[in-house]
Amino acid sequence: MEELALIIFTICVQAAVGLMVFTAVAKQLNKDGIFKTAVATAAGLAIVGLLASFLHLGHPIAAVNTLMGFATSWLSREIWFTSAFTGLTVLAVLLIYFKPAAKKAINIFIILAAVIGLIDVLAMASVYTSSSVAAWQSNSIVVEFYAAAISMGALLFLALSAKEDTGRMRKIVAIAVAAAFVIQAVAMIPYYNGFGASVNLALQQSHAILSSMTPAMVLKWAAILVGAGLLFLPAREKNKDAPIILGATALVVLGQAVGRYLFFAIMIVS
């Protein structure tokens, strides 16, 4: 599929951003926590996403021209912020592995990466809300992207760092994922359902596409809902709790990935 690169880019980078946000939060709660695997995974996801974005741009000259338009182009800002986020995350990983004693510098890079990453998600969403695709011209898309980043990142963090969790992060993650699901559903379900009542032909076509892909839409919301719900099962011993956390993570990532496929499937230029 021609939009595969964009699906990989947005899902990988948003998951990486969420990972760094929750790593930054965990660092404040557990000063001795290293969270090496979480940061390394975030760096890997960011690199994959960044490479996918350049792959989508195609010709090198087109990529250079895009980079030069920071002042006027959301696409340019997206690439620059993604590059900055990736760079900061990679620097944090390098320090963790090769200079672990530099804890202050590591913390600074993690926090900076989280902040830049959150800005990057806004830039990413703005690329689509400012486009000529009628189905994307809404702030609901911003909500969709942030909800994906928070839900995927939170669960990936918990799955990768459960051994370093004192118990507080599980509660924070459960609340964050549940809140992200509710906000995402409230923003997106009525928005998509409203396409059918619009007089805009492009929105009507997008609605027809969504209607023909109802099973995929059901899978998206069911996977995210069940994944979020698993976190509210009574906590058990860490070694017995791992399958639940991994299952929740897999379901939420699956749901968000399916949702991103649907997002690009309704692309009808108005």
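Using N, Cα and C of the backbone, Cβ positions are placed for all residues, glycine too.
Note that TrEMBL annotation is computational and uncurated.
Values in this document were obtained by computation on a predicted structure and should not be read as measured data.
Taken straight from TrEMBL:
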type: TRANSMEM; residues: 6-26; note: transmembrane segment
type: TRANSMEM; residues: 38-59; note: transmembrane segment
type: TRANSMEM; residues: 79-98; note: transmembrane segment
type: TRANSMEM; residues: 105-128; note: transmembrane segment
type: TRANSMEM; residues: 140-160; note: transmembrane segment
type: TRANSMEM; residues: 172-192; note: transmembrane segment
type: TRANSMEM; residues: 212-233; note: transmembrane segment
type: TRANSMEM; residues: 245-269; note: transmembrane segment
Paired segments the transmembrane segment (105-128) and the transmembrane segment (172-192) in contact, 3+ CB pairs under 8 A:
no
Pairs of Cβ atoms less than 8 Å apart decide it: which stretch in 79-98, 172-192, 245-269 has the most with the transmembrane segment (6-26)?
245-269
Short question: which residues 6 or more past the ends of the transmembrane segment (79-98) have a Cβ under 8 Å from it?
13, 16-17, 20, 34, 36, 39-40, 42-43, 46-47, 49-50, 53, 66-67, 70, 105-106, 109-110, 112-113, 116-117, 119-120, 123-124
Close approaches to the transmembrane segment (172-192) from elsewhere in its chain (Cβ under 8 angstroms; 6 or more beyond its ends)
22, 25, 138, 140, 143-144, 146-148, 150-151, 154-155, 157-158, 207, 210, 217, 221, 224-225, 227-228, 231-232, 248, 252
